[in-house]
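The next block holds one structure in the form of structure tokens; read it before the comments.
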Amino acid sequence: MHDVDQSGSTNTMHIDGADIVEELKFGMMFKSEEELISYYKQYGQQCGFGIMTQRSHRFEDGSIRYVTLGCARGGKARNRKTNVARLRPTSKTECKARINVMFENGVLKVSSVNNSHNRGLSPQKSRFFHCNKKVSESVKRVLDINDQAGIRMDKSFASLVQEAGGFEKLSFIEKDCRNYIDKARHLRLGKGDAGALSEYFTQMQYKNDGFFSLMDMDDEGRLGNVFWADARSRADYKYFGDVVIFDMTYLTNRYGMPFAPFVGVNHHGPSILLGVGLIFSEDTETFIWLFQTWLTCMEGEAPKAIITTQDKAMKNAISLAGMSTTQRSESMNSFFDGYVHAKTSLKEFVDQFDNALRKKIESESEADFQSFNVTIPVVSPSPLEKIFQGIYTCNKFREVQKEVIGMLATLPTLYRKDGIITTYHVEDEVDVDDFIKEVTHTVYFNEAECEVKYSCALFEMRGILCKHVLSIMRVNKVRSIPEKYILDRWRKDIKRTYTLIRSSYDLVDQRPEVSRYSRIIKKCYEVATNTSSCDEHTEDMLAKLDVINLDYRTNKPPSKVVTTNANTTTDASSKKVLSPNVLQGKGRLPSLRKKSMIEKVKPTTKKASQKGKHIQVN
């Protein structure tokens, strides 16, 4: 707890390794402007709001006479853009939370306090506020050195995340680093084979009991099929598992094993991973193994529909697994663009997949922050648009706004009225290859139930009401939206418990020596920053470090040696796991498979039998 007594002195109480600052109160005093701002910023970060200087007045020497610090969301929104269809999002909510501070008797004294905010706060995401973002000099120097050495940006940022102990421990995001070193970079990856993959799955299970994996081997102990999903993906499925995309036109590894991801869509619209497999063959038997394994992972709960390509074996397997399919027309290959590269080993492939997933989780966290703290202005006087503005995430509300704007170009006309059912024809204009085509849609409106049926089926495909329905609701003066047309999956006001589950891939090395090393390195960066300003300080510190280093080197404790077995095995079998044979995909040349900057698979040996041992870690 950070306390200020009447003399202006400060004390810090360390509780569970963290500095806890107390709530701002009338009469609290601070020695300087820097101390005041630092304290209020810490308090805001602890509570979940950003801060800003709302007004101030200074003496002639530049020192503060009085200052008002307040919530960063205080004040009114000012939108100077003339394009009403693309107004700039605003975070302003006219929040009145603020403190007034005046210079009195040589100190800055709090003269009035308002700690009440007009919206909910999220301490876990306060690091995204601009005032809390800071790339320190030591981090800048690391980025500079890495850049000069040719180390890519993604690798530099990943090392900073690893060193800090997770994204949430950093005072900046990757975009801030890219603004400092503006080049596209990728993550550093490890190497391995089937044995390393088996060991990796065992380690992941040890770190997180929600991690699920299954390895299918033939009679010779050679790896056939693999499936895995971490606890975060399994929890995601409970919220976004209604419709799942399964597409085999993805990537392969050096063994030619097709990549088989189960993909969903989260509340912001981007794709998420709901489990993934590497399979040895693309026949019905293999697909049955994959789908049954996936359903087991998801506790037997099947999705309402799986969107797939036209592969016959795949469709047969899905049908035998008791699930329904829908044909898909485009590939989701962009999910892994820039993350997964050619001719990788199995362990490299999984590592690259992990890095892509970590990126997705961080992007979702940023999108959650934006939806929680930013309001997109409405583009019409429609009360229906106002409703969606308040409950939908920013990305989905943008989609709704496109339909609201498109509603203005529609022309609804009454066609027939049968009791409570009214039939409308809605004329619309569609741009097809730079040619305007007139289209007429039919909309049925039930006045008693405020229910609509329509021919364009946008709600069934994308989960939002189309412009044709909105135009009919406007004609009938509908002022509220029936609950059936507000989907929970797009709402921003729902607390989703899966966000509390840490991804297995974000777990850092918990060995004590690694933690100690990290703490020492952080302090060394700080010391280097403070002493490198002049030669005298630099030479003095180097001399002291030499003495300290010599002392620890001659008096170090006995080292501990940890050995591991090179022939990695799993809990289910003492037999070594062999890497799979290289194979060629069924029924098509490798060059025809869609790729993401990656592989050219060479035709090699015949496929091995799929029947054999199963190794499960769940």
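Cβ atoms are placed via backbone N, Cα and C, with glycine included.
In TrEMBL, annotation is done automatically, which means it is predicted and not curated.
Annotation source TrEMBL lists compositional bias 'Low complexity' at 560-572.
According to TrEMBL, the compositional bias 'Basic residues' annotation covers 603-618.
With a threshold of 8 Å between CB atoms, the same-chain residues lying at least 6 positions outside the domain 'SWIM-type' (439-477) that come near it are 382, 384, 396, 399-400, 403-404, 406-407, 409-410, 412, 415, 420-430, 484-485, 487, 489-490. The domain 'SWIM-type' feature in TrEMBL is assigned to 439-477.
Feature annotation from TrEMBL assigns region 'Disordered' to 559-618.
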Per-region confidence, the domain 'SWIM-type' (439-477) (mean pLDDT, whole number): 88
The domain 'SWIM-type' (439-477): DSSP-derived helix, strand, coil residue counts: 14 helix, 12 strand, 13 coil
